[in-house]
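What follows is a set of notes on a single structure, which appears directly below.
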Amino acid sequence: MAESSLKQSFDTFRAAEDIDASALLAGAVGVVFLLTALTSFVLRLGLEVPAIVGFVVVLGYGWYAHQGLTAKAVTFLMTVSTVLILGMITVFLVLESLHAFRLMGVNMLVGMDEPVTVFGVTVLPGLGNFWQPSSATYSLVPAMWGTFVTTLIATAVAAPLGVACALFLAEIAPNWAREIVKPGIEILAGIPSIVYGFIGFTVLNTYVFQNFQTPSQGSFFLVGGVIGVMALPTVVSVAEDSLDTVPDSMKDGALALGSTDWQTMTSITLPAAFSGVSAAVLLGVGRAIGETMAATVILGNTVGLPQPLYDVFGNNVTLTTLIASQYGDAGETQLSALFAAGVVLFVTVLFLSLTSLRIEAKLKQELSGD
Amino acid sequence: MSDAYDRNLVESESSTYQRLAASIVGVGILAFAFALAALFDLTAIDATFVGLSLSNLLGVGTTLVGLGVVGLGAVSYVGYVETTPDRSAGLVPAVLFGLLWFCVAGLVVSQTFGFGALVWLPAALLVGAGAAGVAIFPREDIGSTLPAGAFALLVGLVFLTNVIGPDWAWSPTDFSATFTPKIVVPFLTVLAVLVASWAAGKAYDDFGARGRQTGAYMLIALNALGILSVLVILVAFVVSKGIGPLFEGFSVGASGIDWPFVQNGNQLTNDVNGVFPAIVGTFWLVVGSVIMAVPLAVGAAVFLTEYAEEGRFTQVVELATNGLWSTPSIVFGLFGYAFLVPRLGNSTSLLSGIFVLGFMLIPLVLITSREAINAVPDEYRDASAALGVSQWQTIKSVVVPAAMPGVITGVILGVGRIAGETAPILLVMSGSPFPSKRQAPNVLDISFSFTSSFPFVDASLISQEALLNSASALPYQLYAIITAGVGQSEAFGWGTTLVLLLVVLSFYAVGIASRAYFRNKLRS
Amino acid sequence: MSETTSKAQTQADAQTGQQSGGTTVEGETQEELREEWVQYEFDGQPAISTRDVNVHYGDDHALHDISIDIPKNSVTALIGPSGCGKSTFLRCLNRMNDRIKAADVSGEVEFNGKNIYDKGTNLVELRKRIGQVFQSPNPFPKSIRKNISYGPRKHGDIDVSLLSRLLGRDDSDEEDELVERCLRQAALWDEVKDRLDDNALGLSGGQQQRLCIARALATDPEVLLMDEPASALDPIATSRIEDLISDLAEDYTVVIVTHSMQQAARISDQTAVFLTGGYLVEYDDTDKIFENPESQRVEDYITGKFG
C-alpha cells in the first residue's frame, strides 16, 4: 500500500513540474547515489562515503541549475525518510526477534511456568520456568502482566485527573489560573524519566518500604503511581485540545438556554469531544506502557508473576524494564527474546497511537456536521 | 409566582447557611492540611496537639465536618432555608456512594470482625445498596449530604475511639504490604474531607444545578492545584537536595570561576567529583541530533504542507510520524543497538546516540513545524504568487520565515524532551559509568595541513574518534549512580539531577516563553 | 453627507439647545444624535428597559449610552450597518457578553423590575426567561428530541434521566408533548415528526434554525432574542422564519437583529436604528422609521445612500 501510494505521489510530483532531460538525469543519478549509500549502510558494504559524496555533488549541481526542482525533490526525499525510519525500526525489531519466536513459538506470549489445567485437562504444558537463559526458556507472560498492572494503575491516576485538569484549563479556569497551570503542566511533561526514577529510587522506595512494610524495595503500586503522574501531561494537553475543538457556538447555545457552565460541560462539551478525550487517554496509556527508566530503577526486575496475581505490591518486571535490565549481559538468544519484548511493546503502542489518530479524525468529521 | 420569581432572578447576599457551609469546608481544609503534613513526615501521627494525638485531632475534625454536612442537608430538608434541590441526587453520586459504602462495610465485616465471604459479601452489598438508595430516593439535599456526612462521621468516630489509632496496623493476606496508621489515617481523612466538602459545596449554592456546579468546580480546582503542587514540590525538592553538592567548592577568584561540580570529571584525586564529561556529552548529543533531525523534519514539513496533495501518501506519512512519536524510547534504543551500533564502529558510540535521538526528534519537530507552516495565512502565498514569484522562492522567502518562530519553538521543546532521554543512550552510547575529565568527548578537532600525498591537504573539523567512542550524558550519569547503588554518591546524584533538571527545564521554559511571545505578537 | 444638511443640523442644535447623551461624541455624529429621536412612547410596561448601556472591548468603545424601552409582546427590530454594535447590544440583554472576556458592560438593563447587572443575578434564571437564537444555527450534536428537551431537562422541569426511567417515574410523556408543541410552534413538526431520534446535525440549515427556535421556546421564555436568525439561510427558509417570528409575537417579546431592512419592515412593530460607531440614532414605530425618519442619516441609510 505504501509503495503504490508512494509511486502515485511521485507521479503527480513529476507531472506537476516541467522537467527537462538534464534535471531528470541529475535526479536519477542522485537517487541512485542515495540508494547506494543506504543499501551499503544496511548491508555493510563500505561504500557509504563515496556514494554520499556523489549525492552531494549531484545536489550541488541541482541547486545551481534547477533550484526549485531540487528543493522539491529534496524535501520529498526527507519526507520519505521519516517513513523509511519507521519501516526500518519495524523490520529490524522483527528480524532480530525471529530467532526467539522460532525457538519458543507461541509460548513466547502465553507460556507459563506451571502447567495450566482446566477441569483436570492440561491445556498448556508448563515450561518449568518463565525466563531462564541457561535452559533457553523465555516467556514474556510475567513482563506483559507487569506492564498491564502498572499501566492499569497509571491509567487510573492519569485518566480521571488528566481529564479533570483538561476541563479546568479549557472551560473553567479564569485567565490568571490558566496562565499558571498550563505552562506548569507542560513543564511537568519535560521532567526526564530518570529524574522520577532517581527520586523514586532514593526517596519513594524507602518511604513505601517503611510505611507499607513491603518485603523488598520496589513495587508495581509505586511504579504505577509514578508512571501515572508522568502520563498526566499527555492526557491533559491532548484532551484540552479536543475540548477546544468543540465550537463556541454550541456552548453558547446551551448557556443561552439557561444551563449552567457545568451542565454545558457535562452534557454538551464532553460528549461532543468524547472521542478526542478518549484518544487523549489512549495516548496517555501508550506513554505509560512505553515508560522505561523510572520503572527500571524502581522495580526489582525479577522475572515472575506476583502471588496472587492481583498483588499490586508485587516487585516483578515489565516489558520495558525487562529490556533495560537485561540487555547488557544477554547472549544472542536472550537478546532476541528481548527484541521480542520490544516487538510486543512496539505493536501495542503503535496500535494505540493509530487508534487514537483515527478517533481524532472522526471527531473532526463529526463536529464539522456530517 | 412573581415573588419566587424575583427572588430567583437576583440573589440576596450570602446567608448564614452559606457561611455555615463555607466554615465546614474550612474545617475540612484544616484537617486536610494536617493529614498531608503527617503523610509527608512533617509531623508524626502520634504527635500530640493540645493534649490530643494527631489521629484523635483528625477524628475531631472529620466528625465536625460530617456532623456539619448532615446538618446542612437536614436544615435544607425541613425547609429552614430556601434551597432548590432536585428530586434526587442522581445516578452517578448514587453509584459512587454505593461503591464507597460497599467497601467500608466489606472491609469492616471481613477484616474487623473476621467473617468470611459468605457473610461480608451480602452485608457489604446490603450497605452499599442502602447508601445508593439514600442517594436516589430522598430529595437531593438529603441524598447528597447524608451518605457523605455519615462517612465522614464514621471516619471521625473511628479515629476518636482509637479503633484506628497510632498503634493500629493491617496486613491483608493477599497483599505483600502492611497498612500502617501513618498512611491509613491521612488517607481516610483526605477521602472523608473530599467527599464531605463536595456535599458542603453543593449546599453552599442551594443544591440543584448551581449547587452541583459549585461542588464539581471545587473538586476540579483542587485537582489542578494538586497537579501543580506535584510539580512545585518535585522541583523544590530536587533544588533543595541538589544545590549543596552543585556548589560544593564553588569559588570566584582571581583566576576566574572555580566550579568543581561542573568543571571536574570523576577521579580519585579530585576533592569534588563533577559531571563535566556528562555535560559535554549531552551538549554534543543535542547539537548532533539537532543538525541531523531538524533539516530533515522541517524539509518534510515543507513538502507535506506546500507540495504534497492530500492523499494516500500524506496519510502514510502521517501514520509514520505518529507512530514514531509514540514509539517507546527503549524501542529506539533496541533499534540502535541492533542496527546502528554494528554499523558505526561496532561499539557504543556518541554517533549512534546522535542518530537515535535524532530519530526521536524528527516526529516532534515535524509535527510542530507542520502546524507552524499551516498557520501561515494563504494570503501570503497568494500575494507572492501574484507577483510572479516561483513556488520555491515563495516558500524560501515568505512561508518559511513566517513559520520560523513556530518551528524554533518546536525544536526547543523537542530538544528539551530528548535531552532527558535515558533508555536509548543507555543501549547505544554509554561507556564508563563514572568518566574522568579526559573521557569527555572532544568532538571539535580543527586542524589543517598540507601533505605530500593525495589529496595533499589534511584537514579535519570533527574528530572521528570522539564520535565513534562511547560517551556519557547527564541522564546516563544519573542512571549510573543509581546502578552503582547510590550509597556514598547520593549527594553526587542529587547534584546531577539538579543539573539535568536545569538543562531540560530551561529548554522548556525558553520554548514555552517564546511560543507565548510569538502568539501574542501574532494576535496584536 | 452633504454640507448643507450638516449646517442645517448645527443650526437646529443651536436653536433647541439639545445635546446628545454621549460626551465623547464628535463632529457630525454629535449633531445627529437627538434624545427625542430615541424616545419612544407606548402603552403598558416595557419588557426590558436599558439605561445608559456602554460596552468597551478593551480600548474600543463599542456601544454608547443606549437607553431604550422594549414593549411586551411585540417584535422590535435592531437594524444598522455591520459593526454598529447591534449584536453586541442584543447580547447585553441576556448577559451573553459575559462569555467574551474582553467585553466590559456598564449601565443598567432592567428586566422584571430588576437590574440584571446587579451582583447576585442568577444567570440561569435570567437566560431561561430571555432565550436567544443565534446567527448561524447551532443545534447540539444530539437527537432532535434531546435538542428540544435540553433546557427543561437541565432546569429539572422534565426528568427523563436513566435513573428516573429505571425507577419508572420519568416524564417521557411530558417530553413527547413538549417536543411536539415546540416543533409545531416552530413550524417544523411535519417535517421531522418521523425522525425525532435522528441527529439534529443531519437537518438542513433552515430546519436547524427552526429547531433552534423550537429549542429556545421549550424553556418557555418571556423574551426571545434573535441575532440575524435568517442570515445563513436561503430565501424560502428565510420567509418561513419570518412568518414564524410574526406568529411568535402574540405570546413572546421578540427582539431581532437584522441587517436586512426589508426584513425589519416586514416583521417588526418598532425599529431601533444603530449607526456606525455604536450609537443608537433613532427608535420608533417601524412605519415611521421607514417612511418618515427624523434623522437625515437614518433616511440616507434606509434609502441606501450609505451603509
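Any Cβ shown, glycine's included, is placed from N, Cα and C.
Automatic prediction, not curation, is the source of TrEMBL annotations.
Feature list (source: TrEMBL):
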type: TRANSMEM; residues: B:20-45; note: transmembrane segment
type: TRANSMEM; residues: B:57-78; note: transmembrane segment
type: TRANSMEM; residues: B:90-109; note: transmembrane segment
type: TRANSMEM; residues: B:115-137; note: transmembrane segment
type: TRANSMEM; residues: B:144-164; note: transmembrane segment
type: TRANSMEM; residues: B:184-204; note: transmembrane segment
type: TRANSMEM; residues: B:216-239; note: transmembrane segment
type: DOMAIN; residues: B:279-513; note: domain 'ABC transmembrane type-1'
type: TRANSMEM; residues: B:283-304; note: transmembrane segment
type: TRANSMEM; residues: B:316-338; note: transmembrane segment
type: TRANSMEM; residues: B:350-367; note: transmembrane segment
type: TRANSMEM; residues: B:492-518; note: transmembrane segment
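Listed by sequence, the residues of this chain that lie at least six past the ends of the transmembrane segment (B:350-367) yet keep a Cβ under 8 A from its Cβ atoms are 281, 284-286, 288-290, 292-294, 296-298, 300-301, 321-322, 324-325, 329, 332-333, 335-336, 340-341, 344, 407, 410-411, 413-415, 417-418, 421, 424-425, 428-429, 441, 443, 466-471, 473. Of the candidate ranges B:57-78, B:90-109, B:115-137, B:184-204, B:216-239, B:57-78 has the most C-beta pairs within less than 8 angstroms of the transmembrane segment (B:144-164). Within the chain, the transmembrane segment (B:184-204) has long-range Cβ neighbours (under 8 A, six or more residues past its boundaries) at 17-18, 21-22, 24-25, 28-29, 31-32, 34-36, 38-39, 45, 54-55, 58, 61-62, 65-66, 68-69, 72-73, 76, 83, 100, 140-141, 144-145, 148-149, 151-152, 155-156, 158-159, 164, 168, 170, 211-212, 214-219, 222. The list of residues near the transmembrane segment (B:90-109) in space but at least 6 beyond its ends in sequence, with Cβ under 8 angstroms from a Cβ of it, reads 115, 119-121, 123-136, 140, 143-144, 147-148, 151, 154, 195. Away from its own ends, the transmembrane segment (B:20-45) comes close to residues 53-55, 57-58, 61-62, 64-65, 68-69, 71-72, 166, 181-183, 185-187, 189-190, 193, 196-197, 200-201, 203-204, 218 of its chain (Cβ-Cβ under 8 Å, at least six residues beyond either end).
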